[in-house]
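*Asks:* The structure follows.
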Amino acid sequence: MTQIAFPKLLSSQIAFDIARTIRDGFDKHYRLFRETSQHAKRYFEQGAWSAAQTAARERIDFYDKRVQECVQMLEDEYEESELSDEVWRELKLHYIGMLTEHKQPELAETFFNSVCCNILHRTYFNNDYIFVRPVVSTEYIETQDPAPTYRVYYPGKDGLRHTLTRMLRNFQLDCAFADLERDVAQVEARLQQLFGSDRLEPNHQLQVLTSLFYRNKGAYLVGKGINGNREYPFVVPILHNRHGKLVLDTVLFEQQQIAVLFSFTRAYFLVDMEVPSAYVQFLRSLLPRKPRSEIYTILGLQKQGKTLFYRDYLQHLKHSSDHFESAPGIRGLVMLVFALPSFPYVFKVIKDFFPPPKETTRAQVQQKYLLVKHHDRVGRMADTLEYSNVAFPRARFSAELLAELKQFAPSLIEEDQEQIIIRHLYIERRMVPLNMWLSNAEKEGRDDLVEHAIIEYGNAIKELVAANIFPGDMLYKNFGVTRHQRVVFYDYDEIEYITDCQFRVIPQARTEEEEMSAEPWYPIGKHDVFPEQFGTFLLGNPRIRKYFMQHHADLLTAQYWQARKQRIEDGHIEDVFPYPQHLRFCKQSSSSTQPEIQHA
Ligand SMILES: Nc1ncnc2c1ncn2[C@@H]1O[C@H](COP(=O)(O)OP(=O)(O)OP(=O)(O)O)[C@@H](O)[C@H]1O
C-alpha cells in the first residue's frame, strides 16, 4: 500500500465515509436477512413449502453478495493512494463508534472484517485494522425495545392450560388450529409430568422466544420453564395436518432431542431476530454443550458461526499439544482427511489428482459440496465450513501427514519455517466412520449395535432419497455415526439428484453367453443405477445382510427408487421429522382423534 501523507482532516473524513459505507452495507444485509425470516411466517401459514425452500436456499448467499457489493462500492469510490495506513486505522475506530447503539454489533464487526480482508493484503490482518479480537460484548443485556427477545408467562395466575393457549395465540399465526384445546391439553399433560411432584415456587414461569423457528414444513416454539432454581427446556413443533389446519405435533423436553433438532446435519432455521446475540444466549441456556458458533450457524448466521468457530479452534490449539494426523479409517481417493485427536472436527483437503475410477475435477468436487450447503440436509448430511488460507503450526503436524499433503495436494500447500498454510479446505464434525463402527460392534459381539446402525443406515438413505439426493456409492465408509448414534452421510463427490438418475432393472440375459458374462453385456448410460446390484458390494457380511434384509430390503429393488423419483417429479415435498415418530401426539392417542400429518 502506498504511503502518501494526506492532511489529517481529509484522511479522517475518508475513514469516516468508508466506515459508514460498510455499516450501511451490513445494515442492508441484515434488513434483507430479516425480511426473509419474516416471510417464512407467511410461507408457513399458507403452506407454501416450495417458496419457503427457495427462500432458505437463497438466504445462504446473501452475506457474500452484500460483502461483494460493498467492496465494489469502495473500489469504485476511492483511489488506492487515498487509502493510507492511517485511513485504515482510523476507519476501525470510526466503525466502533457507529456500533454503540447497534442491535447486531458482533455481526457488523464480522462484516467489517469480510469487506476489509477483501481489500487489504494478508499482512494487514491484525488487530490494528480488523477485529481479530472482538470489541463488542456478545453477551447481550436486554434494552427497552418494544419487541422483547422472549415473553414470560406466569401460569400460577390463570393455570397452565390457559397460559399455553395464550402463548400460542400470541404468535398470531394467520391459519386456524384444527383443535387447539385438544393439543394444548396434551402439551399440558407432558409439562405437568415434567414438573412432576416439584412444589411450584413463586417464580414458576414459562419463557418463550418471541419468534417461531421455521424450517421445512414446521414452525417450532422454543422456550423453557423455570421453577425455583431449576430450568426445563421445551420445544413445541407446529405442523399442518392434511386439511391445512395447524396441529401441535409433540413437545420435546430432553436435551438430546433438542440438540438433534439444532444439529449440524440440518438446514438452517429462519427466525426473525432483532438482537441475534440474545437468541444465542437464550438457546445456550437450553443447550449448554453447544458452542456459540454452532448456534449462530443453525440460525442462518453462518459467517458469524464460521468466525467464532475459527476463534475457538485457535484457542483449542493454544491449549492442546497433540499432533494433526490422518483421520482413522479407509483413505479417500478424492479427499485427504486429517484430524487433531483432541478436537472433534476433521479437516478435508481436495487432492490434486484422483485415481480411477474417479472421473472428477476439483471444481466439480467443490460444486458438490456447495450443493450440499444449499440443500436441505434433512439430518443426514454433515454441514461443512469452507476456509481459505488456513495457517497451521508446523510443529503440530506429524511427519507422515505433512509428506502425504505434499504428495497429494502440493498445489494447496504453502510453507515456511513456522507454518503450513493450506489454501483451501473444509472443516466438518468428526464422526465414527460407519465401517469402523460396524466392525467394532461385531468384535464386541454387540448385535444390537449392528442392528441399530443398519436400521439407521437404511433410514439415512431413505431420507436422503426423499430430499432428492442420491449418495452415489453407498459404502459404509462414506457414512459416519454421530454421538447421538445417528448415521450421517459425508462423502459428497458422487452425489446426484435422484431426478437425474435412471433406476433400472437388470435386463434378462438372452443367451447363455450373456448369462455367464463377467462384465455387463447390456449398455449402461452415464446416469443408470441398478439397485439390484447394491447387495453385491454392501451385503457380504451375513450379520449385516440379515438386518439389512429385515429392515431395508426394498432398497435393493429398482421399483422402490423409481417410485420415490416419481413422487419428487410429481412435486411432493416430504415431511422431515427431526424427532422420533413415537413422540408424536398422533402416534400415541389410542382414540386417534388426531389427524395424520399430510405427506405432501
Ligand atoms: N466427518 C468425518 N468424521 C470422521 N472421519 C471422516 C469424516 N469425513 C471423512 N472421514 C474419513 O476420511 C475418509 C475419506 O473421506 P471421504 O469419504 O470424504 O473422502 P473421499 O475421497 O470422498 O472418499 P471416496 O474415495 O469414497 O470418494 C473416510 O472414509 C473416513 O474414514
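Even glycines carry a Cβ here, placed using N, Cα and C.
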*Asks:* Of the candidates Lys318, Lys348, which does TrEMBL annotate as part of the ATP site that also includes Ala327, Pro328, Gly329, Ile330, Arg331, Gly332, Leu333?
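*Replies:* My reading of TrEMBL gives Lys348 as the candidate in that site.
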*Asks:* Using the alpha carbons only, what distance in Å do you get between Gly332 (ATP binding site) and Asp383 (active site) once rounded?
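*Replies:* Distance between the two Cα atoms comes out at 18 Å.
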*Asks:* Taking the residues Ala327, Pro328, Gly329, Ile330, Arg331, Gly332, Leu333, Lys348, which the record names as binding ATP, find the longest CA to CA distance and state it in Å to the nearest whole number.
*Replies:* 14
*Asks:* In the structure shown, which of the binding-site residues Pro328, Gly329, Gly332 has the fewest other Cβ atoms within 10 Å?
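*Replies:* Lowest Cβ count within 10 Å among the binding-site residues (Pro328, Gly329, Gly332) is Pro328.
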*Asks:* Taking the Cβ of Ala327 (ATP binding site) as centre, how many other Cβ atoms lie within 10 Å?
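*Replies:* For Ala327 (ATP binding site), the 10 Å Cβ neighbour count is 19.
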*Asks:* Any of the recorded positions Gly329, Leu333, Asp383 with a C-beta atom under 6 A from ligand 1? Give them in order, or none.
*Replies:* Gly329, Leu333
*Asks:* If one measures from the C-alpha of Gly329 (ATP binding site) to the C-alpha of Asp383 (active site), what distance in angstrom results, rounded to a whole number?
*Replies:* 20
*Asks:* Which of the binding-site residues Pro328, Ile330, Arg331, Leu333, Lys348 has its Cα closest in space to the Cα of Asp383 (active site)?
*Replies:* Lys348
*Asks:* Taking every residue in the domain 'Isocitrate dehydrogenase kinase/phosphatase (AceK) regulatory' (19-321), what is their average pLDDT?
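*Replies:* Value for the domain 'Isocitrate dehydrogenase kinase/phosphatase (AceK) regulatory' (19-321), mean pLDDT as a whole number: 89.
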